[in-house]
Ligand code: BV8
């Protein structure tokens, strides 16, 4: 994907990043798009094309059709496991070696961590973490009864993906840390999100209200463009490496 990035916006962004003392980054599904992970808004492919992800990523959908929803997550895990971090993930990991930076992601794919980012705040959980629906407290994954989905051998509870479904509260600590990062940042970099899912999408506004500059990186218009001081209209994998020297390895 070619990026015709406005040269003035680019140099202004570079200056803001170079001068920043404390950066908060918010990423969405778009940062993984160039790795081949479909974004949430993309039409779902193949077998899943007839479903709306927002309808499947809910507890009551899971209670109604556990096998279908479990298979959807298995499909996504296999897809993500076969992908690799792209230059956007790598550039963000490198920036964290150069500047105080808090990386907050809406993504559940773990690609930031695989690119070397540390202490990633996962607002919506992780695709590869499992937990239990109505578990007895003694549910042991190692002793789970295999099935679709697996069940607790002690109480029969269903295993469920360790993600935050629509209508579920975000993990308290992750939400607190993300909001604190937004309140204390002097620069907020928003990469690859439509800005439609709350409360995550409210974070750039919090940063702006506390005096931060906001830069949005997205090839398409987003709901956060009006919050931005600068919008860089291009793909993250092309734009981010243009904003700082991405060759420094991520911090150990
Ligand atoms: C909650 C895990 C309350 C599951 C996900 C106001 C306040 C609070 C809540 C709400 C509110 N209004 C509405 C709500 C309810 C709801 C919500 O926001 N609904 C939306 C649809 C209106 N929010 C919730 O339910 C949240 N919970 O608030 O609970 C509560 C409180 C107390 C007690 C009980 C309950 C929970 C939301 C979390 C849902 N879970 N994921 C799973 O993955 O299966 S969210 C899911 O959607 C993904 O995580 C994904 O991140 C997100 C979609 O957003 P994006 O990341 O932005 O992805 P999207 O596809 O939309 O856009 C991609 C963008 O990338 C596009 O702009 C595109 O142009 C761009 N792009 C494409 N290619 C590139 C690119 N950008 C850069 N480079 C490229 N190459």
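Cβ coordinates come from backbone N, Cα and C, glycine included.
The domain 'Deacetylase sirtuin-type' annotation in TrEMBL covers 1-252.
Less than 8 angstroms from the CB of residue 73 (substrate binding site) sit 127, 161, 163, each of them six or more residues away in the same chain. Summarising the annotation, TrEMBL assigns substrate binding site to 73, 76.
What TrEMBL records for 106, 107, 108, 109, 192, 193, 194, 218, 219, 220, 236 is NAD(+) binding site. Under the three-state DSSP scheme, residue 236 (NAD(+) binding site) falls in the helix class.
A coil conformation is recorded for residue 124 (active site, proton acceptor) in the three-state DSSP classification, outside any helix or strand. Taking a C-beta cut-off of under 8 Å and a sequence gap of six or more, residue 124 (active site, proton acceptor) has these contacts in its own chain: 105, 106, 107, 108, 163, 164, 170, 200. Positions annotated as active site, proton acceptor by TrEMBL: 124.
Residue 152 (Zn(2+) binding site) falls within neither a helix nor a strand when secondary structure is assigned with DSSP, and so counts as coil. Its own atom aside, the Cβ of residue 152 (Zn(2+) binding site) has 22 Cβ atoms within 10 angstroms in the protein chains shown. Marked as Zn(2+) binding site by TrEMBL: 136, 139, 152, 155.
Nearest by CA distance to residue 155 (Zn(2+) binding site), out of the binding-site residues 76, 192, 194, 219, 236, is 76. Non-local neighbourhood of residue 192 (NAD(+) binding site): 27, 28, 29, 30, 31, 32, 33, 39, 88, 217, 218, 236, each in the same chain, at least six residues away, with C-beta under 8 Å from its C-beta. By the rule that a residue counts when its Cβ sits under 6 Å from some atom of ligand 1, the binding-site residues 73, 76, 136, 139, 155, 194 yield 194.
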